[in-house]
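**Q** This is the structure, below, for whatever I ask next.
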Amino acid sequence: MIYFIFLQVVMVLVSVAFLTLLERKILGYIQLRKGPNKVGFLGILQPFSDGVKLFCKEVSLPLVSNFMPYLVAPVFSLFLSFFLWTLVPFISYGAKFNLSFLLVICAMSVSVYSIMVAGWSSNSKYSLLGSIRAGAQTISYEVSLIIIILSPLMLFKKLDLEGYLVKSSYVGWPLYLCLPLGLCWFTTILAETNRTPFDLAEGESELVSGFNTEYMGVGFALIMLSEYASILFMSLLFSVVFGSMSFLMFCLVVYSYLWSRGSYPRYRYDNLMHLCWKSLLPTSLMFLCFYWSLSQGG
């Protein structure tokens, strides 16, 4: 079992490497340029070159930082991302747990602590402010995300990924029957993973990055690896819940992640919170009541 989990982690790392290449290629064509095309054939080795460069950089600790939390936070964030991948239903040697959906929700809730600790332990006011706004954003959108996840689970009465996938494949669960809920889910996971147009946690186009301002080299690479691994997992979870684990839908959601980065400007923070509490939360509660009534009727 350990061998298969190790193999799975390696596959996720390779997928993340090529996801970064795909993102840079898509952004390049959106901005009418080529993107990376120098390292290897058509730039295919560019992510490995970037990885070697990042992991070979010198790690200099900020003088007034809290060293242990500063070093542990990126590792913990990456561990949580890999832990979620052990629950996916297509790995028969993965973790067997009857409440795997509940475990996914718990792991996503704990992930906010790595952001908070990373910003606080850097002992920089810019990192601290970035971690505070990232924590508030993540906690706010987790409320809507949990309600959205519970809506189809209540209909099928399954709390494990594998059982839900089997039952939904028998019944059929096309996205066009629940398009508003799918759109709410996609908007919420964009905010949950701190992606454009909700990338207020990083603010990469600003002069000061955010909670990862003081990170460099290995620490920065681990934070980025955990972010992109979470993107892949959220896309897979979307395809499991709404598309009976369709590979085409998984690719479409990943592409939509990357496309939104090249198409939309960043939201203002007050608009971000208004969208969560005044639009997504009432809509998700309405769907929760609707699916609960369907489950009671059946």
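Just so it is clear, glycine is given a Cβ too, placed from its N, Cα and C backbone atoms.
Pasting the relevant annotations from Swiss-Prot:
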- 2-22: transmembrane segment (TRANSMEM)
- 71-91: transmembrane segment (TRANSMEM)
- 99-119: transmembrane segment (TRANSMEM)
- 136-156: transmembrane segment (TRANSMEM)
- 171-191: transmembrane segment (TRANSMEM)
- 231-251: transmembrane segment (TRANSMEM)
- 272-292: transmembrane segment (TRANSMEM)
**Q** When each of 2-22, 71-91, 136-156, 272-292 is checked against the transmembrane segment (231-251) for Cβ pairs under 8 Å, which one has the most?
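**A** Out of the listed stretches, 71-91 contacts the transmembrane segment (231-251) most.
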**Q** For the transmembrane segment (272-292), find every same-chain residue at least 6 residues outside the stretch whose CB is under 8 Å from a CB in it, and list them.
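**A** Same-chain contacts beyond the flanks: 136-137, 140-141, 143-144, 147-148, 150-152, 154-155, 178, 180-181, 184, 187-188, 191, 198, 200.
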